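Pulled from Swiss-Prot:
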ACT_SITE  SER105  active site, nucleophile
ACT_SITE  ASP244  active site
ACT_SITE  HIS271  active site, proton donor
Amino acid sequence: MDQECIENYAKVNGIYIYYKLCKAPEEKAKLMTMHGGPGMSHDYLLSLRDMTKEGITVLFYDQFGCGRSEEPDQSKFTIDYGVEEAEALRSKLFGNEKVFLMGSSYGGALALAYAVKYQDHLKGLIVSGGLSSVPLTVKEMNRLIDELPAKYRDAIKKYGSSGSYENPEYQEAVNYFYHQHLLRSEDWPPEVLKSLEYAERRNVYRIMNGPNEFTITGTIKDWDITDKISAIKIPTLITVGEYDEVTPNVARVIHEKIAGSELHVFRDCSHLTMWEDREGYNKLLSDFILKHL
């Protein structure tokens with residue numbers, strides 16, 4: 001699996017950040033990826049390695065305090081810090097070379113924030129199930145909860161309002177929500193499970209996000225850069241699943257703000273479209289990249 005991938009650590013802003021660089025045999029472009037969470041790991045994005053066959057070298061990394069990377073002081077658990085970390089890593093590995101940037105979920109928020117500041121270092125931007133506003137995303141997730149079968153909706157509201165996140169009925173309802181809106185598959189790939197395990201084990205998810213995907217009580221809860229993203233002028237592709245927990249309405253706001261951006265809704269998919277339609281997803285991304293070399 002990893003014969004064409006190099007794993008290593010880079011010292012970034014005083015801490016060691018893990019990365020995996022999967023090189024294309026005949027490289028045409030470089031793609032830097034940003035995982036979600038905040039607090040997951042790069043593992044669930046590994047399906048994107050398939051794009052090396054199209055001449056696209058893919059960089060994966062575990063953000064600060066995530067996966068295999070070291071944790072900075074918790075005062076640095078911010079999106080701004082994540083932007084500077086990404087820029088330092090890009091510069092360290094690729095120098096002045098422009099790359100494509102893809103962010104998934106929270107990584108899409110991070111990628112938008114990066115592009116607002118550093119789009120001169122990018123050839124193009126891909127936002128996959130990403131967001132420009134946490135409050136809007138939470139509002140949309142609450143709408144999805146309201147549309148759940150009564151048994152699950154009531155359990156989420158009853159136990160969520162009292163913070164009883166460990167209650168078995170609440171956990172069952174969360175699991176149901178995830179299988180509708182996170183990954184619509186009975187058997188979840190080991191790469192996805194590994195990322196979820198890291199989120200559970202490390203501190204970032206709990207501190208920056210909160211107890212679960214739709215209960216965002218952490219430090220990012222008020223984050224919103226919707227009014228800044230119209231400054232992004234590079235080629236931009238926005239993807240979202242039809243049943244995505246970060247809904248098509250959230251994606252449309254980004255699409256409307258970034259002039260000339262493309263929006264693609266994956267039918268019958270939810271949040272982790274890279275697994276639900278692996279072939280179609282990788283083709284869409286590689287076609288976009290190769291079109292904007």
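Any Cβ shown, glycine's included, is placed from N, Cα and C.
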How big is the Cα-to-Cα gap, in Å, between the residue listed as 'active site, nucleophile' and ASP244 (active site)?
10
Within 10 angstroms of the C-beta of the residue listed as 'active site, nucleophile', what count of other C-beta atoms is obtained when all protein chains are considered?
27
Give me the CA-CA distance between the residue listed as 'active site, proton donor' and ASP244 (active site), in Å, as a whole number.
4
How many neighbouring Cβ atoms, not counting its own, are there within 10 Å of the Cβ of ASP244 (active site)?
26
Check SER105 (active site, nucleophile) against DSSP and tell me helix, strand or coil, would you?
coil
